[in-house]
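Below is one structure; the comments refer to it alone.
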Amino acid sequence: MMQTCCIHQSFCFPHRVFPRFDASIGIKPPKLCQVGFIGKTQSYGISSPIRQRRLYVNLNANDGHPSMSMLEEETSTENNAPSQEAELPFSKWSPSKYIWRGLSVPIIAGQVVLRILKGKIHWRNTLQQLERTGPKSLGVCLLTSTFVGMAFTIQFVREFTRLGLNRSIGGVLALAFSRELSPVITSIVVAGRMGSAFAAELGTMQVSEQTDTLRVLGADPIDYLITPRVIASCLALPFLTLMCFTVGMASSALLSDAVYGISINIIMDSAHRALRPWDIVSAMIKSQVFGAIISVISCSWGVTTTGGAKGVGESTTSAVVMSLVGIFIADFVLSSFFFQGAGDSLKNCV
């Protein structure tokens with residue numbers, strides 16, 4: 001047995017040659033080589049790939065010449081580039097997805113406001129989105145408001161009749177619907193129906209590079225995709241809220257009359273005495289704010305989607321959840337700002 005070596009630049013890899021008719025040779029280069037550079041005091045480590053080859057050598061019986069064949073080869077996925085031994089702190093840290101998505105919300109909202117002020121509105125897309133958000137969402141909103149109104153009526157009538165406050169039931173229902181229930185319930189329904197649609201549509205366009213195609217064609221995605229959805233949501237939510245308030249009060253009055261024997265006239269008269277114009281105006285303002293929150297968050301989550309079909313699903317779910325959280329936070333802030341101090345709306349209903 002004799003030993004040879006193959007010299008390649010400054011590296012030596014030993015090989016062994018076996019004078020046999022059938023031989024299996026395993027070649028394993030070194031895993032780590034230390035290289036010193038003249039004039040440099042800093043050392044670098046070069047990781048060479050680990051290669052395992054199985055060679056079969058067969059001698060021809062006729063002429064004695066060897067024939068060699070390679071059966072398999074396995075290569076590690078280690079990084080071959082020179083790397084410093086001492087890494088800088090936080091060199092591999094990247095911000096969370098929620099951080100840069102949260103930062104994209106005020107940026108996109110500001111761009112939408114600038115487009116509206118400059119008059120850069122794509123009216124055809126705006127009307128299409130307004131039809132989707134308004135009339136096509138009306139049935140679900142009215143159905144939800146009907147059953148929520150009847151559920152609250154059962155609780156209020158059951159307790160107020162024991163106290164002899166039948167004439168206050170309509171006022172309490174009217175205040176609850178106008179100030180809280182109608183705007184919040186309508187926004188929740190729209191967030192589940194349209195917010196998810198916005199995030200899924202824009203997310204699919206983002207991962208399929210359709211937004212890049214719009215930029216190549218000279219169309220701004222903010223003008224063409226996002227601004228129409230924001231305008232449609234802000235315009236449709238107040239009208240949906242008003243319709244939900246009307247249907248909710250009607251269902252409550254019908255249930256009170258049919259089940260508990262409280263006349264519809266008593267419910268309507270009590271509601272008329274308790275309600276004030278500011279209650280309806282505050283509901284409209286709340287619904288507009290909620291519509292802006294739903295559309296901006298859903299569009300922001302959509303245009304920042306990555307990861308293909310899985311990323312689209314995650315963005316859609318996350319957009320709806322964050323929209324609901326934003327609705328509840330905004331509802332608390334607006335309610336604490338609109339209705340401060342002690343109220344006297346029910347004093348005329350007793």
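Each residue, glycine too, has its Cβ placed from N, Cα and C.
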Hey, in Swiss-Prot do LEU130 and GLY313 share a topological domain, i.e. the same side of the membrane?
-> yes
Range from 98-117, 230-250, 289-309 with most C-beta pairs under 8 A to the transmembrane segment (137-157) | 230-250
Cβ-Cβ under 8 Å with the topological domain 'Stromal' (310-318): same-chain residues at least 6 beyond its ends = 196, 199-200, 203-204, 207, 301-302, 304
Can you name the far-off residues of the same chain, 6+ from the ends of the transmembrane segment (98-117), with a Cβ under 8 Å from a Cβ of it?
-> 222-223, 226-227, 230-231, 292, 296-297, 299-301, 303-304
